[in-house]
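Trainee: Sharing the feature lines straight out of TrEMBL:
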type	residues	note
DNA_BIND	B:16-55	DNA-binding region
BINDING	B:90, B:91, B:92, B:93, B:94, B:95	NAD(+) binding site
DOMAIN	B:79-180	domain 'CoA-binding'
DNA sequence: TAGATTGTTAATCGATTAACAATC
DNA sequence: TAGATTGTTAATCGATTAACAATC
């Protein structure tokens, strides 16, 4: 039942392949070789072929890869051939920004609910999605089939909320709270830590100025 | 002049060390061993010691690490001992969310300006920061010493804007646009690709359901 | 068929972990 | 001093790159 384990490094690269293939598709390119794609993407052709061969042979010797076919296949690998229902917990600026981000919908991530504890936000609509109070969550989760919860709330509430969501059947969490969630291992967590990203930037800025002093 | 090159993997871990040390500091912990920290952070003690020793010996045999000292030192390595002036290009939902995110200010990232092309946004204030039109950028950049530009605009404008900013002296870009920027190598780029993060999540969801079918 | 390009094995490189002498 | 724990070297593991036979 268990498939061959694919390394995290490979999976992190797949969305980027998918993006480049999507752009090639839009530009009407029919086929592409690993060599040409490697030049565009600034990675080695060898890596592209290795990565793709984790999932089977999508190419053809002497020809390369059919752009449309490869795009579709990588989409399937990434699970983009189906829709996901998502809720957002924390309707602050970031939560509302995510709810407004139409691009996710295009990829099949449908925002079904937006929750907060602040009574002032109750009933406010963001792109047609009404903000509900978190105490309505149990009933909401019973009525709707939700696969993903995005956590855009202050870190001090994140752990408790994550536990609550997992208890109520959520199995995938997109975590924007600046804390590590410790959840059962069958729960999938994807972290987006913006401040850590910013610190990598400042590291490089200050390293650069140290080196050029 | 050139310091020993530190691997990206190490740098990615530094902000997490910084966070844990900050929490220990708040809780009043004075010293910690690599062994204890490794348990909390779920990494090996060996990795912690290796990582830290890239930057010199912060610990003491038989004692461990002084939490406050280590926290300060990692802060310095990350460049958090100074302030950075930042502008945000694109005052849509995400741009405004970033501008509102007070936590960055606490770490020394000061939002000095917010720019957009949409005349409807002109003069609107976000947390006291007035939204300006992008044609005011050249004058603004001349008057202010800006180190970081966050790009929260649609990808089709991102490349052009990035080139423009680099021409006007910006040397660090925090890129939220879903595209790769090709800039001179002395320009520091840190990408945050939210849709790619979401795709890693959906990959894991659909892998999980494949494996448990 | 000849040329191109994949799929795949082998070689290299880099990162992580283990081990332990140094030393507080 | 004895025990604890670092700093650092060596061993292992994994990921990337190179090479090339297979084949379209």
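Even glycines carry a Cβ here, placed using N, Cα and C.
Note that TrEMBL annotation is computational and uncurated.
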Trainee: What subset of the binding-site residues B:90, B:91, B:93, B:94 has a Cβ positioned less than 8 Å from a Cβ of chain A?
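Mentor: Listed binding-site residues passing the 8 Å Cβ cut to A: B:93, B:94.
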Trainee: Can you see whether DSSP assigns residue B:90 (NAD(+) binding site) to helix, strand or coil?
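Mentor: Assignment for residue B:90 (NAD(+) binding site) reads coil.
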Trainee: For the binding-site residues B:92, B:95, which one has its C-beta crowded by the most other C-beta atoms within 10 angstroms?
Mentor: B:95
Trainee: Around the Cβ of residue B:94 (NAD(+) binding site), how many other Cβ atoms lie within 10 Å? Please give the count over every shown protein chain.
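Mentor: The Cβ of residue B:94 (NAD(+) binding site) has 25 Cβ neighbours within 10 Å.
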Trainee: Reported in the order helix, strand, coil, what are the DSSP residue counts of the DNA-binding region (B:16-55)?
Mentor: 28 helix, 2 strand, 10 coil
Trainee: Given the model, what does the mean pLDDT over the domain 'CoA-binding' (B:79-180) come out as?
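Mentor: Within the domain 'CoA-binding' (B:79-180), the model's average pLDDT equals 96.
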Trainee: Among the binding-site residues B:91, B:93, which residue has the largest number of other Cβ atoms within 10 Å of its own Cβ?
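Mentor: Counting Cβ neighbours within 10 Å, the top one is B:91.
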Trainee: Are there residues of the same chain, six or more positions away from residue B:90 (NAD(+) binding site), whose CB falls under 8 angstroms from its CB, and which are they?
Mentor: B:115, B:116, B:151, B:152, B:153, B:154, B:176
